[in-house]
Amino acid sequence: MDPAPLFPRPRLFQNLLLLLWALLNCGLGVSAQGPGEWTPWVSWTRCSSSCGRGVSVRSRRCLQLPGEDPCWGDSHEYRLCQLPDCPPGAVPFRDLQCALYNGRPVLGTQKTYQWVPFHGAPNQCDLNCLAEGHAFYHSFGRVLDGTACSPGAQGVCVAGRCLSPGCDGLLGSGALEDRCGRCGGANDSCLFVQRVFRDAGAFAGYWNVTLIPEGARHIRVAHRSRNHLALMGGDGRYVLNGDWAVSPPGTYEAAGTHVVYTRDTGPQETLQAAGPTSHNLLLQVLLQEPNPGIEFEFWLPQERYSPFQARVQALGWPLRQPQPREVEPQPPAAPAVIPARTPTLAPDPCPPCPDTRGRAHRLLHYCGSDFVFQARVLGRHRQAQETRYEVRIQLVYKNRSPLRAREYVWAPGHCPCPMLAPHRDYLLAVQRLVSPNGTQDRLLLPHAGYARPWSPAEDSRVRLTARRCPI
């Protein structure tokens, strides 16, 4: 291994330009408002290792005038660099660091030891080394950046912390693939297919349930009966439970993905696969008793949904769309009445809402919500102890299931907090509320929840929050 410094040397010319920029702005009397501004990122440093895995870093500086808040975001970013494998017999990086202390006096005595890595200590990013032939270990400080946290682990140590790479390759970013397979996406490039196959079947044997199309992700099938799920590949050969033979539970290769088949004594059977599938699969059921219902779901790229629908219709299978959210019927409009010129009492004003500003509040509601989106309020209707907003979805940041172009958002109380004004755009963090009997499926804006007038600054804040919270 060949460790390299992670931080670039300061550039004199760049520092002079930054100083000149700050003096000019101060001299012109520019008022300081909001956070400071970041300089552009400098180039990525050389990898900390010469083979295997290592770490590279880049940095930026915050230009902050007197009275300005600190810049939002991080001053350093670390990414994993993957180099060709180290040659057979090469000494592992942590072993090499322990071996540097071989034959050197330590612990305040003249005794010397041979040191090997010790992985049982609390902090795995300390250089904990065991004295060979003795029952003690010693910590020599932090390991060098780019050292694996533990054998076989994905995380690597950076500045004494164990960081795992996100799907963007940045260490500690927490970036995850969404259900569509996009890094840091908001589930807005694919559709969620969720249905129940209830046909009872007129005879024992194989019955078609659904086509699982090419490109499907996060596939899940489940049922509880003595029947058996069967899966057929695009070549007409069964992957499992075909030809009247029951396959053992386990993991099967099919359409470029791993299908995990489980069966218990419940009796319950499940099929699960991460996907994406490389070609179509046919899901069937081998009926031995009346079918109580087979639940299946998967996520599908938007451009593949229409061909999937057409193929299913051509095969003569019923299309069971998800039930729409309950929409209350509006009462018929009353005839226009000229109001009498009598004095009326003004309604009691709503009490002030609690203060819900701040980064911690935004992070709490973003991480705990099922949906985060920008929406325009089209109308507001108060009834009993609830307020219903009709909104048009503009931009989706996070969603656990598909959203329609127009939705209803419900808020508790006749005077909800926060109160949304019609004909304005907001950034909303809402939860999905399904009644126990499944008859109501609502989007709920909780009391003192997160609702902010939308602006470019709010867009930047929520995107930064998304990086700190898993989807």
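Placed from the backbone N, Cα and C atoms, the Cβ positions cover glycine too.
The disulfide bond annotation in TrEMBL covers CYS47-CYS81 (among others). Cβ contacts within 10 Å of CYS47 (disulfide bond), excluding its own Cβ and spanning all protein chains shown: 22.
Per TrEMBL, the feature disulfide bond maps to CYS51-CYS86 (among others).
Per TrEMBL, the feature disulfide bond maps to CYS62-CYS71 (among others). Listed in sequence order, GLY36, GLU37, TRP38, THR39, PRO70, CYS71, SER75 are the same-chain residues six or more apart from CYS62 (disulfide bond) with CB atoms under 8 A from its CB.
Positions annotated as domain 'NTR' by TrEMBL: 350-469. Taken residue by residue, the domain 'NTR' (350-469) breaks down under DSSP into 22 helix, 52 strand, 46 coil.
What TrEMBL lists as signal peptide is 1-32.
Note on CYS51 (disulfide bond): other Cβ atoms within 10 Å of its Cβ, all shown chains, come to 15.
Separation of the C-alpha atoms of CYS81 (disulfide bond) and CYS51 (disulfide bond): 10 Å, rounded to the nearest whole number.
Over all protein chains present, the Cβ of CYS81 (disulfide bond) has 18 other Cβ atoms lying within 10 Å. There are 17 other CB atoms within 10 A of the CB of CYS71 (disulfide bond), with all protein chains counted.
Annotation for CYS86 (disulfide bond): spatial neighbours CYS51, GLY52, criterion Cβ-Cβ under 8 Å with sequence separation of six or more. In this model, the domain 'NTR' (350-469) carries an average pLDDT of 85.
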